Amino acid sequence: MTRSLIETSSFILLVVLISAGLVWLVLPYFGGVLWAVIFSILFRPLFLRLLSATGGRKTLAAALSLLTCIFIVLIPAAVMLQSLLAELSVSHGATGTGTGAGTGVALDPAAAVQSLWNALPLFVTDTLTRFGIEGPGQLREMVATVIGEIANTATRLSLQVGQGTLQLTINLGVMLYTLFFLFRDGPAIMAAIRRCSPLSPDHTARIIDRFASVVRATIKGNVIIAIVQGVLGGVIFWLLGIDPALLWGFAMMLLALLPVVGAALVWFPFGVILLLGGDVTKGLILLAYGTLVISVVDNLLRPALVGRDLRLPDYVVLISTLGGLSVAGANGFVLGPMIAALFFAVWSLFAEEQAATPKS
């Protein structure tokens, strides 16, 4: 081994170790940095327009872009979180699962399950008995467990955000500080990344472009649609008097990030319970609204929001979202599909290169 090779290998090892050390130091604030990168990509067109309007003054344009992001995203999110935590504290002492209070609807899952059991044909009840479900009491317990788990998951995620006030504040500060410099110095940062990249300039540029497309597709195609579905679901729950409407709207927003079933895991069981409990009109309204409005939102909005950006198959989104949640917590809702989309993008570029390479 020549001295030159030893020096090169040692230098590469040093670069890797120092880079790993920096990642380790920044890891506690990974969420803040991640969302700063995401918002810088989403609000980049706004920054460019403000840059033109301010006569090329980058600092002023970056400050105005940051303020716009705060007023459009952060303040509404803070108001939503405060309202959600207040509703959780009010409903914390309530007994039972899936009950409505204060606005005219009293859901009775016990009566609904009893009605369902009585309406089942004999061969169906015999089949259920053979599978260990021996009566309406056990079926009622299973339904209550499912509804309770949905509510508990939404509650746990909300309380985690609300209770980690100090960490949340620090991450928010890191995000805003980083976002300002990403707005102002974005081109210089991208130029530095291109210079340091071991890949060819063409590959580096294409991967950066794909990454930006992945971010736009993930946020616009998943998060925004989930927020819309959660709001629509919360509104119909409030109009029908199903409390706590805000909590169930939040649960539908989270579940809407999962393809195929999504928010239907909340509104469909409630519609069935209303029907079987005797409130046929409101049950039909909820089921019709969920089918014709909440579920159709995805098909109507996704093409307009995503456009030509990358779109993953539903099964990939489901698996990557669940994997992201288990590994990265709440950030996994975005991080999981982003990594999956980048995986397919990089392999697609590799396949294109292989196809373009002449075979000997």
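For all residues, glycine too, the Cβ spot is worked out from N, Cα and C.
According to TrEMBL, the protein carries these features:
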TRANSMEM  9-27  transmembrane segment
TRANSMEM  33-52  transmembrane segment
TRANSMEM  59-81  transmembrane segment
TRANSMEM  165-183  transmembrane segment
TRANSMEM  223-240  transmembrane segment
TRANSMEM  246-276  transmembrane segment
TRANSMEM  283-305  transmembrane segment
TRANSMEM  325-350  transmembrane segment
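Same-chain residues lying 6 or more positions outside the transmembrane segment (9-27) and placing a CB less than 8 Å from one of its CB atoms are 33. Cβ atoms under 8 Å from those of the transmembrane segment (59-81) belong to residues 39, 43, 46-47, 50-51, 53, 158, 161-162, 172, 176, 179-181, 183-184 of the same chain, restricted to positions at least 6 beyond its ends. Within the chain, the transmembrane segment (165-183) has long-range Cβ neighbours (under 8 A, six or more residues past its boundaries) at 29, 31-33, 35-37, 39-40, 43-44, 47, 58, 61-63, 65-66, 69-70, 74, 189.
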